[in-house]
Amino acid sequence: MSDVLSDDGSDINQDDSQEDVMTPAELIAKLEEAWLNEKFSPELLENRSEVVDCVMEQLTHMEANLQRVKKGDTKASVHRMEIDRIRFVLSSYLRSRLQKIEKFFAHVLEREKSRGEGDPSLLSPEEFAFAKEYYANTETYLKAVALKRMPPNLQAVDMLKAVPEPCLDSFVFLRVKERQENILVEPETDDQREYVVDLEEGSQHLMRYRTIAPLVSSGAVQLI
């Protein structure tokens, strides 16, 4: 993978403001991490549009480099498989986000609306436009096929109540990337009490998502 990624000899800049330079291999690792977290998280996570944009740009370079490979070179088929693999991961990541937006659109827009100034955006500009259009189309459809035929006092619908919320109490598998101390674990039954655990680097656990959600956002743990 590193051969075809590095043929153009350029580094990828994830964030110009932070001057945080990554190699192409590190960029793909970031994409795979975001993909797995999004795939296994019950809620929509912060958008990683800077990673997506860099990967798409890098794929363009890789395709151009592949065109320069001599026909019959065995490396070409290997490089092509790697390009297809990266495209699959990227498409799966974006598809997972769109599915969550469609399922939880009202709550997603409410979270985006209520986020504080300076907080990272949950949605990319394109996702935000899609969520708003999906909300409007759903509302229009409900009014056309059902609400207008109901008594006037029943024609209003609260989308936040009508649309399901993400189940933050579902359990997820995770791998610890950075050691964490004194993680409070809530009791599973009335007979149990709260307790704290230390998460050792490299260890794997099955835990309630709500407990470790901040650690997923900070990158201290990886969902698997």
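For all residues, glycine too, the Cβ spot is worked out from N, Cα and C.
Annotations in TrEMBL come from automatic prediction, not curation.
Record features (TrEMBL):
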type	residues	note
COMPBIAS	1-19	compositional bias 'Acidic residues'
REGION	1-21	region 'Disordered'
DOMAIN	76-144	domain 'GINS subunit'
DOMAIN	166-224	domain 'DNA replication complex GINS protein SLD5 C-terminal'
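Note on the domain 'DNA replication complex GINS protein SLD5 C-terminal' (166-224): DSSP counts are 10 helix, 25 strand, 24 coil. Taken as a whole, the domain 'GINS subunit' (76-144) shows an average pLDDT of 93 in this prediction. The domain 'GINS subunit' (76-144): residue composition by secondary structure is 58 helix, 0 strand, 11 coil, according to DSSP.
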